[in-house]
Amino acid sequence: MVSPLAAGMYAIEPVTSIPASGWWMGVPRTRIERIASEQTSISTDTAFRLAKIFQTTPEFWMNMQTSHDLKLTKDQVDVSHIDILKTA
């Protein structure tokens, strides 16, 4: 199964192929390259910029990032030893 963020990278692909993509977005070109290669996460700042370019919302990009992060973390975190909080 393709992760949510990886699926969203298809949308970023045209931007990363533009040599001046960083300048165009007002960020270092390497930031876009690192996001596209999943070496770094989408920041709130970048989410606003991507939303402007693709006519979406920052929430769209942040939700995609959060879904991706949760999927990656799900199998790495063991919560079996944590007790459920009992309310009075």
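From the backbone N, Cα and C atoms, a Cβ is placed for every residue, glycine too.
What TrEMBL annotates here:
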type: DOMAIN; residues: 25-61; note: domain 'HTH cro/C1-type'
**Report entry** Helix, strand and coil totals (DSSP H, G, I; E, B; other) for the domain 'HTH cro/C1-type' (25-61)
**Finding:** 24 helix, 0 strand, 13 coil
Report summary line: When pLDDT is averaged across the domain 'HTH cro/C1-type' (25-61), the result is 88
